[in-house]
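Engineer: What TrEMBL shows for this protein is this:
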REGION    1-32  region 'Disordered'
COMPBIAS  1-11  compositional bias 'Basic and acidic residues'
COMPBIAS  12-32  compositional bias 'Polar residues'
TRANSMEM  41-65  transmembrane segment
DOMAIN    47-577  domain 'Major facilitator superfamily (MFS) profile'
TRANSMEM  85-105  transmembrane segment
TRANSMEM  112-137  transmembrane segment
TRANSMEM  143-160  transmembrane segment
TRANSMEM  172-194  transmembrane segment
TRANSMEM  200-221  transmembrane segment
TRANSMEM  286-305  transmembrane segment
TRANSMEM  325-345  transmembrane segment
TRANSMEM  352-371  transmembrane segment
TRANSMEM  486-511  transmembrane segment
TRANSMEM  523-543  transmembrane segment
TRANSMEM  549-573  transmembrane segment
Amino acid sequence: MDTMGETDRMTSDPQIKSALQNQDVHTQPEKNTPAHSGCGALLVLCAVSIASLSGLMLGYELGLISGALLQLREVLALSCPQQEQVVGALLLGAFLLSMVGGSIVDRYGRRFSIILTAVLCACGTLLSVCVPSFWALLLGRTFVGMAVALSGTASCLYVAEVAPATWRGRCVCVYELMVVLGVLLGFGLSWAFASVEGGWRFTLTAVLLPAFLQVCVMPLLPQSPRFLLAHRREKEAWATLARLRGAASPDAVEEELRTIRVALGAENQQRFLDLFRSQDNMRRRLFVGLALVFLQQATGQPNLLAYASTVLRSVGFHSNEAATLASTGLGLVKVGGTIPAILLVDRVGPKAFLCLGAVVMTLSTATLGAVTLQSQTHVSSLCQSPVLLNHTPEGRGYDSDFHTHLLQGLYNAHFRSKLNNTHYRISPAILRSFNDTQVHQDLNSTEDHSVVVRNSGIPAQDSGRKRAEIALESMSMSEVSPSLKWISLVSLLIYVAGFSFSLGPMVYVVLSEIFPTGIRGKAVSVVSAFNWAMNLLISMTFLTLTERIGLPSVIFIYAAMSFVLLMFVMVFVPETKGRSLEQISKELAMKNHLDSTLLCHAWRKKPKSDLPLEEKSLATV
């Protein structure tokens, strides 16, 4: 959940990526790991490909809303809070489902859950498109959010459990690439249909294709052997694993089943409340995981992803087509930034990527904030289009010169002759732009700063009559200079690149490494729910916060949080490069580990330990 790496669950859901790594992807496979060849390899590839479509759907849903919102706010006359609710509806559905998703997947199976979520996604999409109203859109997006959260969990578990140990790392790459490709596809289709009347319908319904494919193909694919074994269906588990491993010998299949039984036994020994105990520094480990997820959201990635086209319009890309085309560049950068991170993480280590990304994000958001400050970006332009209802009560089309005439003087005869008995709500920013004292008095005489222009041209309060309400965009009196406009875009692109190779994928790598195997699933569930909750909170307050303090101030907050991220990673996040999960877990279990990290690895006296001599060195960091 990511997203932009969210990706970013955003771009961004820890449960999605950590689930794929629930089994140690960094350790060498056992010698008895079944070989892969022939029909077994083809079956695994098919299963991974179809299940990974959930990643494509997740990324697509995160990417499409940016461009679709530009049309939806005009078609449905959406206010700032309503736009926030449209964005937040998907996140709300994902948050609600994340709290019970694990139970559903464990009870009914990974394959059934993937099919169920594809149906949920299709129903939510059809509801949003076929019933064009604000409340139907909210309900539909909530269903889609539930589908995204559940399918992410189910698909990742399924991929991890059908793939052999030698392929598991590459399967992680497939899923991550599908997420960022989905974001790019969402941006791209939003741009393609930006100038098409009702184009938002085509953008929303495109997700039906992968959902339909999953519903049709998933019943033909095998169950997860791990799920079958957990439900004591031994014979089915053996037959399924033998089918997946193709030419593997019966002994090799039995050895892999034995490994799965050991892992299941370790998980059953750990309780949920163990996460909140001080034993083995578990409570502090949970703190590190929650803090990383919080900073992933607080650095602004969800908002700059969901509102990318809207923000770009406010800094000079005035048409829907220009704004969505520019935001498509963000999707391309996201893909380009994610690939090297996936390929180099084992060599460089996640901590180095996180530190470098934090520096890049701090500098780019500080630059973007300074540029928006210089361009005098007005707040209301993030919320409103120039005209929310494009027709006068008499059915006449919108006059493109209206806004210019209004700024020149409310009583200009040119527009007064065109627009009669029409009610306008003027934003405070535009109200301040008028120098005419009488205009201020007339507009301030009504509670919502409104005025009715009658045939005679005399302003009057008329709260009782039915009238078309048009919200005007609060734009700068002067055009944004081309240099500032392009600096804004470049800064945003650099920010997305920094996120894509750091916070996007690396947070989930860290989460998969700092928790012991037996309790990792429970820890990831807690962090996942917290991730969706933070994503919901931050996304649903972006426009409101921007309206209160201004876009530059909000972006400067993101810059400050990126700097906090840098400090946090340097102090709290352990170095995991070149270490097995067992070594990492032993180091984190030492009581003095985080304390010594706080002192920047200052020398401390080694604690007495019953560990063998060769393992005592692990007590110091």
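Yeah, the Cβs are placed from backbone N, Cα and C, and that goes for glycine too.
Please treat TrEMBL annotations as automatic predictions, because they have not gone through curation.
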Engineer: Considering only Cβ pairs within less than 8 angstroms, which of the stretches 143-160, 200-221, 286-305, 325-345 has the most against the transmembrane segment (112-137)?
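Structural biologist: By Cβ pairs under 8 Å, 143-160 leads among 143-160, 200-221, 286-305, 325-345.
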Engineer: So, taking each listed stretch (286-305, 486-511, 523-543) in turn and counting its Cβ pairs to the transmembrane segment (85-105) that are under 8 angstroms, which one gives the highest count?
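Structural biologist: Of the candidates 286-305, 486-511, 523-543, 523-543 scores highest.
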Engineer: So which residues does the transmembrane segment (352-371) touch in its own chain, when a touch means Cβ under 8 Å and the partner is 6 or more beyond its ends?
Structural biologist: 299-300, 315, 341, 344-345, 484, 487-488, 491-492, 494-495, 497-499, 501-503, 506-507, 510, 552-553, 555-556, 558-559, 562-563, 565-566, 569-570, 573, 577
Engineer: Out of 143-160, 172-194, 325-345, what stretch is closest in contact terms to the transmembrane segment (41-65), meaning most Cβ pairs under 8 angstroms?
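Structural biologist: Maximum Cβ contact count belongs to 172-194.
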Engineer: Need a quick answer: max count of Cβ pairs under 8 Å to the transmembrane segment (286-305), which of 143-160, 325-345, 486-511 is it?
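Structural biologist: The stretch with the most close Cβ contacts to the transmembrane segment (286-305) is 486-511.
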Engineer: Taking all residues of the domain 'Major facilitator superfamily (MFS) profile' (47-577) together, what is their mean pLDDT?
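Structural biologist: Result for the domain 'Major facilitator superfamily (MFS) profile' (47-577): average pLDDT 75.
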Engineer: Which range out of 143-160, 200-221, 486-511 gives the transmembrane segment (325-345) the most CB pairs under 8 Å?
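Structural biologist: Checked against 143-160, 200-221, 486-511; highest Cβ contact count belongs to 486-511.
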